[in-house]
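Colleague: I have a structure here, written as structure tokens, and I will follow up with some questions on it.
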Amino acid sequence: PVTPDLLVSPSSQDGDLGSECPEDRGNWTGRLDFLLSCIGYCVGLGNVWRFPYRAYTNGGGAFLVPYFIMLAICGIPIFFMELSLGQFSSLGPLAVWKISPLFKGVGMGTILIVSLVAIYYNMIIAYVLFYLFASLTSDLPWQHCGNWWNTDLCLDHHVIKAGNTTFPVNITDTVSPSEEYWSRYVLHIQGSSGIGDPGRIRWNLCLCLLLSWTIVYLCILKGVKSSGKVVYFTATFPYLILVMLLIRGVTLEGAWKGIRFYLTPQFDHLLSSKVWIEAALQIFYSLGVGFGGLLTFASYNTFHQNIYRDTFIVTLGNAITSILAGFAIFSVLGYMSQELGVPVNQVAKAGPGLAFVVYPQAMTMLPLSPFWSFLFFFMLLTLGLDSQFAFMETIVTAVTDEFPYYLRPKKASFSAVICIALFLMGLILTTEGGMYWLVLLDDYSAGFGLMVIVITTCLVVTRVYGMKRFCRDIHMMLGFKPGPYFRACWMVLSPATMMSLLVYNIVKYQPSEYGTYRFPTWAEVLGILMGVLSCLMIPLGMVVAVLREEGTLWERVQQASRPAMDWGPSLEENRTGMYVASLAGSQSPKPLMVHMRKYGGITSYENTAIEVDREMEEEEEEESMM
């Protein structure tokens, strides 16, 4: 008689390939690696340059009401769902679709989006490196006019302050030295007539981009084992600098003018749908849901890691950081507006305009300006790097999980190939017209395509895979089921909110622009195709999945939508309850009892598995009676 595989003791087995894979895959080496990686991933450049501006333009302090409501409805539930999927399966964004192979195209769309974002995000890090090196001087190069890149419109605020200020100075038609330094020296945008005329490569920017890719590669060289250690610095150090900038900011004259402007609540704004949409968008992009980074990080966790607790730590920590950054930014803008004698709203900007024009100009007004400038750009560097680690880890993990026997032993070489390929694709961003391409990528690469992917993920998990089954998996993993709040959000509130976001984005569509430059029609079409291509991956994946099955079309669709036979926890000792029966060689009518005999004793998690089994038996009895 053949002894069933499950009845053989672990020591007597040679070990099949399936049980070796997760060991080769690797895990986080420290207890805080995962938590700090998630914090580093979520707390990025958007917290500093988008949230404060969004808050003040959408009702100041009143914006926090829709912000936290959207965090509860849309942010926390989807965040927890992504972590649960990754930790339960120990698979990346592509292989995780064993949950329903019909929808594997969602994973393909995710990888396409993340690749496009990684290209331009590292260019922003290259700009930060450029300014970081430029700050290593006694006089900041954007402090005064009179350089070869300055024009007659350049107006130096130091000259105004030192001269006779009894007459009013008209600054409406003038340009600050920092603005000309950014556009005419760093970008050299005057060498390009538009997106169709990129001009020459700016070699100093090209070298900065090469350096940023080299830093990223060295940090992800050994996967989560190396990046998990780097984040101990990159995820915590920005907080130290942020606190220093905050203390320096609030002690400046006129700081409270900026803070009052930032936080004065205008509750009439809450009646506008735009404010609620803006709050949801801020949550959506700030937490990084849909990019696959959260799922990837969770896939390196141990099976029983408490991701429920981690979800609240990261999401609430991210929100508090955004609010704190607003104080640091607007205290300095208040001081700057007082120095220039203009209202705060004339100096407040969002995005690169804040990071590379307004804040550097404010730094020149402070004593020890190179020191504060260096600190600010070093903070931006550390904020940007750990988000970039997540993007790269997502791409590498997704592909290596698809071809584990070929690529896992060569993960370092494969990571190098990906970094070189994305660096070469990003070279167009280092040209004189590179900023136009960066704006196009920023506007379209992760727009409506990303929303479609998140909505689809939510609907597949709750409707196709089944809410009961998903909650049962979480119960088996964490020892408790998600409460009514999570179930209500997953079933109705989160997808409905995301759909309203998607509709709003399509209805309120506005063509891209950079300053006064309007993009040509072909560039708009190219941008829209970027977003549509990630969505097209979903039907493409469906066609492939259906063709692999047998039977009539409807039978093929049904078979492809069911979880794959090997879906479930990756390690054999975690496959309790219904998942034991799906292991290779399982012939036991009582798989759970065999599993317990094999691995010894009953832990609290195996007690949970017994409960899950009992629930399933009761459900089957009810169905048979009906």
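Note that Cβ sites are derived from N, Cα and C of the backbone, with glycine treated the same way.
Straight out of TrEMBL:
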- GLY40, VAL43, ASN47, SER286, ASN318, LEU383, ASP386, SER387: Na(+) binding site (BINDING)
- CYS145-CYS154: disulfide bond (DISULFID)
- 1-20: region 'Disordered' (REGION)
- 34-52: transmembrane segment (TRANSMEM)
- 64-85: transmembrane segment (TRANSMEM)
- 106-133: transmembrane segment (TRANSMEM)
- 230-247: transmembrane segment (TRANSMEM)
- 279-300: transmembrane segment (TRANSMEM)
- 312-336: transmembrane segment (TRANSMEM)
- 371-391: transmembrane segment (TRANSMEM)
- 412-438: transmembrane segment (TRANSMEM)
- 444-465: transmembrane segment (TRANSMEM)
- 485-507: transmembrane segment (TRANSMEM)
- 527-547: transmembrane segment (TRANSMEM)
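Locate each feature and note its surroundings.
Modeller: VAL43 (Na(+) binding site) has a Cβ environment of 28 other Cβ atoms inside 10 Å.
In this view, CYS154 (disulfide bond) is surrounded by 19 other Cβ atoms within 10 Å of its Cβ, with every protein chain counted.
Remote same-chain residues near the transmembrane segment (34-52) are listed as 28, 124, 224, 227-228, 231-232, 234-236, 238, 262, 282, 285-288, 293-294, 297-298, 300-301, 305, 310, 313-315, 317-318, 321-323, 325-326, 329-330, 350-352, 354-355, 379-380, 383-384, 386-387, 389-390 (criterion: CB distance under 8 Å, separation of at least six residues from the stretch ends).
Through the fold, the transmembrane segment (106-133) approaches residues 45, 93-97, 186, 204-205, 208-209, 211-213, 216, 290-293, 352, 355-356, 360, 373-374, 377-378, 380-381, 384-385, 387-388, 391-392, 394-395, 398-399, 422-423, 425-426, 429-430, 434, 437-438, 441-442, 445-446, 449-450, 452-453, 456-457, 460, 530, 533-535, 537-538, 540-541 of its own chain, all at least 6 residues removed from its boundaries and within a Cβ separation under 8 Å.
Sequence-remote contacts of a segment are chain residues at least 6 beyond its ends whose Cβ falls under 8 Å from one of its Cβ atoms, and for the transmembrane segment (230-247) they are 32-33, 36-37, 39-40, 43, 219, 321, 324-325, 327-328, 331-332, 372, 375-376, 378-379, 382-383, 385-386, 389.
Within its own chain, the transmembrane segment (279-300) has Cβ neighbours under 8 Å at 25-28, 34, 37-38, 41-42, 44, 46-47, 50-51, 54, 58, 63, 66-67, 69-71, 74-75, 78-79, 82-87, 89-93, 96, 107, 110-111, 113-114, 117, 224, 307, 314-315, 318, 322, 387, 390-391, 393-394, 397-398, 446, 450-451, 453-454, 457, 497-498, 501, counting only residues six or more beyond its boundaries.
Cβ atoms under 8 Å from those of the transmembrane segment (412-438) belong to residues 115, 118-120, 122-124, 126, 187-195, 197-202, 205-206, 209-210, 213, 216-217, 220-222, 392, 395-396, 399-400, 514, 517, 519, 523 of the same chain, restricted to positions at least 6 beyond its ends.
Nonlocal intrachain contacts for the transmembrane segment (485-507), taken as residues 6+ away from its ends with a CB within less than 8 angstroms of a stretch CB, comprise 70, 73-74, 76-78, 80-81, 273, 277, 280-281, 284, 447-448, 451-452, 454-455, 458-459, 461-462, 467, 470-471.
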Colleague: Using the CB centroid of GLY40, VAL43, ASN47, SER286, ASN318, LEU383, ASP386, SER387 as the Na(+) site centre, which other residues of the same chain sit with their CB within 8 A?
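Modeller: Going along the sequence, the neighbours appear as ILE39, TYR41, CYS42, GLY44, LEU45, GLY46, ALA235, THR321.
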Colleague: Within 10 Å of the Cβ of SER286 (Na(+) binding site), how many other Cβ atoms can you find? Include all protein chains, please.
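Modeller: So the Cβ neighbour count for SER286 (Na(+) binding site) comes to 24.
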Colleague: If I take the alpha carbons of ASP386 (Na(+) binding site) and CYS145 (disulfide bond), what is the distance between them in whole Å?
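Modeller: A Cα-Cα distance of 36 Å.
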Colleague: With Cβ distances under 8 Å as the criterion, find the stretch in 312-336, 444-465, 527-547 that has the most pairs with the transmembrane segment (64-85).
Modeller: 312-336
Colleague: Could you pull out which residues elsewhere in the chain have a CB under 8 Å from any CB of the transmembrane segment (444-465), counting only those six or more residues past its ends?
Modeller: 78, 81-82, 85, 99-100, 102-103, 106, 109-110, 113, 116-117, 120, 284-285, 289-291, 490-491, 494-495, 498-499, 501-502, 505-506, 512, 527-528, 530-535, 538, 561, 563
Colleague: Roughly how many Å lie between the Cα atoms of GLY40 (Na(+) binding site) and CYS145 (disulfide bond), rounded to a whole value?
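Modeller: Each residue's Cα considered, GLY40 (Na(+) binding site) and CYS145 (disulfide bond) end up 38 Å apart.
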Colleague: To the nearest whole angstrom, state the Cα distance for the pair VAL43 (Na(+) binding site) and CYS145 (disulfide bond).
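Modeller: Answer for this pair: 35 Å between alpha carbons.
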Colleague: Between C-alpha atoms, which of these binding-site residues comes nearest to CYS145 (disulfide bond): ASN47, ASN318, SER387?
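Modeller: It is ASN47, whose Cα lies nearest.
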Colleague: To the nearest whole angstrom, what is the C-alpha distance linking LEU383 (Na(+) binding site) and CYS154 (disulfide bond)?
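Modeller: A Cα-Cα distance of 32 Å.
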